[in-house]
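Accompanying notes for the structure given below.
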Amino acid sequence: MASKLSYQLRNQTGAAIRRFLLHRFPNSSAATPSLLGIRCFSYGSSQTVSPIDPSASSPQELPQPRTSPKVELGAASASTSSSLKENELAKFAAISETWWDSDGPFKPLHVMNPTRLAFVRSTLCRHFKKDPCSARPLEGLKIVDVGCGGGILSEPLARMGATVTGVDAVEKNIRIARVHADLDPVTSTIEYCCTTAEKLVEEGRKFDAVMALEVIEHVADPAEFCKSLAALTVPDGATVISTINRSMRAYATAVFAAEYILRWLPKGTHQWSSFLTPEELVLILQRANINVKEMAGFVYNPLTGRWYLSDDVSVNFIAFGTLDSA
Ligand SMILES: C[S@@+](CC[C@H](N)C(=O)[O-])C[C@H]1O[C@@H](n2cnc3c(N)ncnc32)[C@H](O)[C@@H]1O
Ligand SMILES: [Mg+2]
């Protein structure tokens, strides 16, 4: 009798936990790049690439854009930008002084930088037939870094020889980026501007490669944002996007642990519901005519304190795509 009762209790508790998780994480994803039919990035080796059939990979409804209250944003706010989510931008404006403090709130980006640069260099060199081992492998490429913040990515891209434009919707970020880049003649060539992707589109700007790393989870309308990224890209040009998966693991690690336990990021930095699953990102990009060809996950090793590339896209992931020329 007692064991029957305890069995029932365990069953009910299990069901309640399952109900809670399903309610809290309705669309969480367990995708891997190969399940999505995308080549998984790995040093040296390559696996099959089979383009995704948009009608077949039809994940669910995409998250809908939300509106947010107005805050002061500088020049970027002059445009009728669809990508601006003002409460998100206010968070970055509040900590803009700390962009280059490698132990500050942007420490995770600083620590992750070599790993994501390895992906960027490798995919761009493969696509544009450049030598990844040369000192300036991105020489000759015009690259825009959308949501560049203080320039953590823009600067190494310039050092790799690219002609870089960095744009951010927060004026203070651009000021910090400018001051820091001017410390070195190579990075002082970067064109920094407080604006948005959609404003650059209005101005008719085009780039060989468009970067938006850790930005899409902070914009108002990811689908419109991707359309702007596509419109900035030359035919057969490249797009690289990194973000956080809307998975249970991401909630536990990238939000709960990173913000509340380890205090790597200020509390409230990320809204879990604004994350995209890899399937959603691929679909949104496909609708913008960008074909995702390579994808990788970033995995943190607490023993070494480093990030490495992996096919585990369950938390942080990065995607490389090209703009259909047709
Ligand atoms: C997490 S930071 C990433 C910075 C940089 N991409 C990196 O990875 O080092 C996100 C940045 O995107 C900017 N941002 C957010 N929404 C934007 C938008 N709609 N247009 C331009 N910049 C935006 C923020 O101001 C912030 O600097
Ligand atoms: Mg983020």
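Note: Cβ is positioned from N, Cα and C throughout, glycine not excepted.
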With GLY147, ASP168, LEU213 listed by TrEMBL as S-adenosyl-L-methionine-binding, which of these, ARG116, ARG246, ARG249, is given for the same site? ARG116
Cα proximity to GLU214 (Mg(2+) binding site), best match among binding-site residues ARG116, GLY147, ASP168: GLY147
Taking the binding-site residues ARG116, LEU213, GLU217, which residues show a Cβ-atom distance to ligand 2 below 6 Å? GLU217
In which DSSP state, out of helix, strand and coil, do we find GLU217 (Mg(2+) binding site)? helix
Which of these binding-site residues is closest to HIS218 (Mg(2+) binding site) if you go by CA atoms: ARG116, GLY147, ASP168? GLY147
C-alpha of ASP168 (S-adenosyl-L-methionine binding site) to C-alpha of GLU217 (Mg(2+) binding site): distance in Å? 15
List the residues of the same chain that sit at least 6 positions away from GLY147 (S-adenosyl-L-methionine binding site) in sequence and have their Cβ under 8 Å from its Cβ, in sequence order, or write 'none'. VAL167, ASP168, ALA169, ALA212, LEU213, GLU214, VAL215, HIS218
